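Engineer: After the structure tokens below, expect a handful of questions from me.
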């Protein structure tokens, strides 16, 4: 700054800026004051024009001078760069060195000559009086450089940890140790605290009645150690650390409890903090959702919170009708109470649903379709143990079998052929078309098959721009049903028109199953997979050839008056949704097909249910049911009068 303005000019500028000379060189401050004074001295603001001109000239001169000084310094700094200096010992370096010393040759030359010292006569040999150099004294050990190595096995080495503990050790200077000993005892109401000397430093060991983070203790101690060194550690083995600090090279200075810390005198709560309160187990909720294959957040939440009721006060448990419910209720009661009081109920259930979806996707990618179908049948058998109980229920399900037999005389062969189609999943041989007039039984049979195999029903009569998210429902599903697809032209004019057939024509890759297609859901990334096989149901619409060739089989339905009349007189089949259930279709296979047609894993279940059905109804009684269906009567007229 001395090279920028003269002394007089500098004083004059600082006076105009109304700053003391001690602020000379504080360029940011001078800049702010310059802007303030410009407004004050400006003629338009009523200021002095001469003062304004002088201020501008001096300040601009200062700026130019400062920039020129900086440029000069940069040039001086960049005269020689390390990249320009050759390697030492090479001819290039010798040449560079001679050039570098050219400018200094005259200034550093010395022409003086030293007079030669007079020659001394050779002294006579005298006994040597020299002695060995005494050994250097060892420097005193500085214990402030690192935490004592003797204690490392007892403390935590975590750098960043949110874990809360109750036992700590602090390493600092002797002076700060005196202060911190009292401050820590007062601040945290320590249940035990002791001070130990270690060379020229101090270690403070203490136990707190409540849990704290190591960072919280460290920050408190730092407030009293702005210059002095400080190490703060969490202790994993409290008694081991204390006993080690009572032996050399450590010395016990003082402690708040006479006699010190004894191994058996402290409860676990004193050493490791208050006992941990039971917390909500998200994993237990996920296991419950996996066991019952629940993929609905709100249904899972509602079902699980029911377990918060005490098992002895639960109606289902007291009836002893469902052993599974009682077992699950007892296992999940305590966790359900915690869920009921939790503020993250939905988050816990959402994670459980994610586990169910993840398990389903894993099975789809690793198990064969035959294994998946067998697993589905096992689930239905478990449901049958709870639902198909007692004579009345069994007769209702047998009535549904009689009704399906009236729909198609070879209904069992039709179902077996469809299951083979679904399991094989051959490209271009993966879909059946159920076609017929209104109220002919298409949707009833399609829904029963869907519930037998597991899957979703899709509506593709929507606009094409909404179709991707509707198709995304088929992610990880075993099969699908395109329900009630509408076309543009129908055999009967009263049929409404729709986009279904047109959309179906644009989904050839989905129907063929030759290539993977992209499926997407909201808030889920797109995923490529072979679209699942299934069924298409529609009324009597005209189908383009490009769509018709993609159906492996077309099943034509006709209106049968006796079927409608028998259903009207046996309303339980519809009101209890027995006809649409997968259990009814599985019992149909058990009734008609031999045991050998089933997978070996479930043949024992098939044998059991064949015996159950034979105990409640024989061939004569079943023939009576079929006759009632044919005549349009109440199917269970003989039993339920």
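Even glycines carry a Cβ here, placed using N, Cα and C.
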Engineer: Under Swiss-Prot, the annotation motif 'LXCXE motif' belongs to which of these stretches: 93-97, 98-102, 103-107, 108-112?
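Structural biologist: Based on what Swiss-Prot states, motif 'LXCXE motif' spans 108-112.
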Engineer: If you check Swiss-Prot, which stretch out of 78-85, 118-125, 126-133, 134-141 is marked motif 'Nuclear localization signal'?
Structural biologist: 134-141
Engineer: Quick check on the annotations: Swiss-Prot lists region 'Disordered' for one of 114-136, 160-182, 183-205. Which range is it?
Structural biologist: 114-136
Engineer: Would you pick out, from the binding-site residues 436, 437, 441, the residue whose Cβ has the largest number of other Cβ atoms within 10 Å?
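Structural biologist: Selected residue: 441.
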Engineer: How far is it from residue 442 (ATP binding site) to residue 314 (Zn(2+) binding site), counting Cα to Cα, in Å?
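Structural biologist: Cα to Cα, residue 442 (ATP binding site) and residue 314 (Zn(2+) binding site) are separated by 42 Å.
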Engineer: Can you tell which of 314, 438 has the most other C-beta atoms within 10 Å, given these are the binding-site residues?
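Structural biologist: Compared across 314, 438, the most Cβ atoms within 10 Å surround 314.
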Engineer: Taking only same-chain residues 6+ apart in sequence, whose CB is under 8 Å from that of residue 325 (Zn(2+) binding site), what do you get?
Structural biologist: 316, 317
Engineer: Please report the Cα separation of residue 443 (ATP binding site) and residue 314 (Zn(2+) binding site) in Å, rounded to an integer.
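Structural biologist: With distance taken Cα to Cα, residue 314 (Zn(2+) binding site) is 39 Å from residue 443 (ATP binding site).
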Engineer: When you average the Cβ positions of 436, 437, 438, 439, 440, 441, 442, 443 for the ATP site, which other residues in that chain have a Cβ within 8 Å of that mean position?
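Structural biologist: So the additional residues around the site are 539, 557, 559.
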